[in-house]
Amino acid sequence: MPTKKQKSKSKLKPFFALVRRTNPSYGKLAFALALSVVTTLVSLLIPLLTKQLVDGFSMSNLSGTQIGLIALVFFVQAGLSAYATYALNYNGQKIISGLRELLWKKLIKLPVSYFDTNASGETVSRVTNDTMVVKELITTHISGFITGIISVIGSLTILFIMNWKLTLLVLVVVPLAALILVPIGRKMFSISRETQDETARFTGLLNQILPEIRLVKASNAEDVEYGRGKMGISSLFKLGVREAKVQSLVGPLISLVLMAALVAVIGYGGMQVSSGELTAGALVAFILYLFQIIMPMGQITTFFTQLQKSIGATERMIEILAEEEEDTVTGKQIENAHLPIQLDRVSFGYKPDQLILKEVSAVIEAGKVTAIVGPSGGGKTTLFKLLERFYSPTAGTIRLGDEPVDTYSLESWREHIGYVSQESPLMSGTIRENICYGLERDVTDAEIEKAAEMAYALNFIKELPNQFDTEVGERGIMLSGGQRQRIAIARALLRNPSILMLDEATSSLDSQSEKSVQQALEVLMEGRTTIVIAHRLSTVVDADQLLFVEKGEITGRGTHHELMASHGLYRDFAEQQLKMNADLENKAG
């Protein structure tokens, strides 16, 4: 069974391993720590110089050299302390920058499945809050611990040399302070750990609600979300109060111990001064050294508390860094993407015992339009995720021509796919940046304008004050739904994909926007292998092939007319769409 010491080492090992992964400058870090040590050693001279000053104090004996020496020591200590603090903070920031870069690089390369199962707010908290915990340890508490140890040992050594009897009295204070501070430190760690977790949860809640504030307002759900947020705030408040209660004990208890020690030293030391066994200067030095023993005890205790917090933060960061990355480069390059896509008995479930798709087989012809229709929850969107290779089939194979798609690199596969989703998400930035998003090559203004023109987006872009340099806002909120879709179509046109995947959403647009988007889509679909989750009857009627997906299975395939004659559920779908179109026309009339 591992001992307490072995457990402590096993917990520290991952922490130091993580710090090493940031490639810190050990020389600069050692130099900064060495400066802190020198600062502490210099501070140990001050009580001795004060002793000499007090013992030889008289107006006639007061020399400028003595005063100058004490002043010099003070200035040297202050200067070294300032530079050591800066150097430690600089190195700490470099390490944290390296940690954040490691985490960011990992997060960007993690598969979609990770983000489907982990709240984005909690992940953000790991990159921001947890790294700050480690930074505080490196920049403040490690140096405080080392200098604290040196200060305590150095002070006690000097005191023993000066007067061993009085030093024994001081030594009683050290274990007494430890008995008080160590349990408080453990309690602080427990509360801090809970606070970190609660902060991550609260950050997750904010990231969930604020991006969807329009839905909140449209649903009159402000009070509901206020209640959820208030619960998180209340939990953080309670943890803050618990932390304040513990912290409120530290200062008074240290003061109590210090005052008790001070009274004992002054009382016993005063007796020795009266008997001539101790000089007045030595007693003053004793009192100053007493402060240099008690105060670092608090630093040492805080170090262990912060170390425990950092170990907890490290464990969570290591969990992210241990996740398997999505390999985008291994595999062949696609030389010809104008080939049929074949689904051969494809099954998939997010959980092994709950299949969403069950032995789906189909051929998506190259250069033609395949429309996927069916009731909600049938598996249409999941099928898209498999085709994009966000997930791999649980069973079965997806092929391009005769080759399984997983023999091609993800990078090559996704280069040949253009995806226009229902939401048509845009990144914060300009219209130009969004149209060129993801392209590694340089794109000319003429190419951007041509893509925008083909997407029926050029006219509205030209009407904007800054045209292509117009900021679209967070998630493209400054643009309308139809404008966002046309920007997404322009982006897809610029990529010039062989395979187009479209999750149709024109039903949510006004008639003019719908017409513009439909025209843009027709241009985009021309000559490409197109797979569309269809909601509009016009798309279905014009498609070369329909796949009717329900309950994870393809229950019908063929043209619109063939399915109207043979598939009852499809016929209901088509008639419902016809009725909706007629209602819209009547309203428009």
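Yeah, the Cβs are placed from backbone N, Cα and C, and that goes for glycine too.
Lifted from Swiss-Prot, the feature list:
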BINDING   Gly374, Pro375, Ser376, Gly377, Gly378, Gly379, Lys380, Thr381  ATP binding site
DOMAIN    29-309  domain 'ABC transmembrane type-1'
DOMAIN    341-576  domain 'ABC transporter'
TRANSMEM  29-49  transmembrane segment
TRANSMEM  67-87  transmembrane segment
TRANSMEM  142-162  transmembrane segment
TRANSMEM  164-184  transmembrane segment
TRANSMEM  249-269  transmembrane segment
TRANSMEM  278-298  transmembrane segment
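Note on the binding-site residues Gly374, Gly377, Gly379: the fewest other CB atoms within 10 A surround the CB of Gly377. Highlighted in sequence order, Val549, Glu550 have their Cβ within 8 Å of the centre of the Cβ atoms of Gly374, Pro375, Ser376, Gly377, Gly378, Gly379, Lys380, Thr381, the residues recorded for ATP, and are not part of that set. Of all the binding-site residues given, namely Ser376, Thr381, the one with the smallest number of surrounding CB atoms inside 10 A is Ser376.
Taking Cβ-Cβ distances under 8 Å and a sequence separation of 6 or more, the neighbours of Pro375 (ATP binding site) in its chain are Glu550, Leu569. For the domain 'ABC transporter' (341-576), the predicted model reports an average pLDDT of 79. The Cβ of Lys380 (ATP binding site) has Ile372, Val373, Gly374, Ile533, Val549 as same-chain neighbours under 8 Å, each 6 or more residues away in sequence.
Secondary structure at Gly379 (ATP binding site), taken from DSSP and collapsed to helix, strand or coil, is coil. The Cβ of Gly378 (ATP binding site) lies under 8 Å from the Cβ of Val549, Glu550, Lys551, Gly552, each on the same chain and at least six residues away in sequence. For the recorded site, Gly374 (ATP binding site), the DSSP three-state label reads coil.
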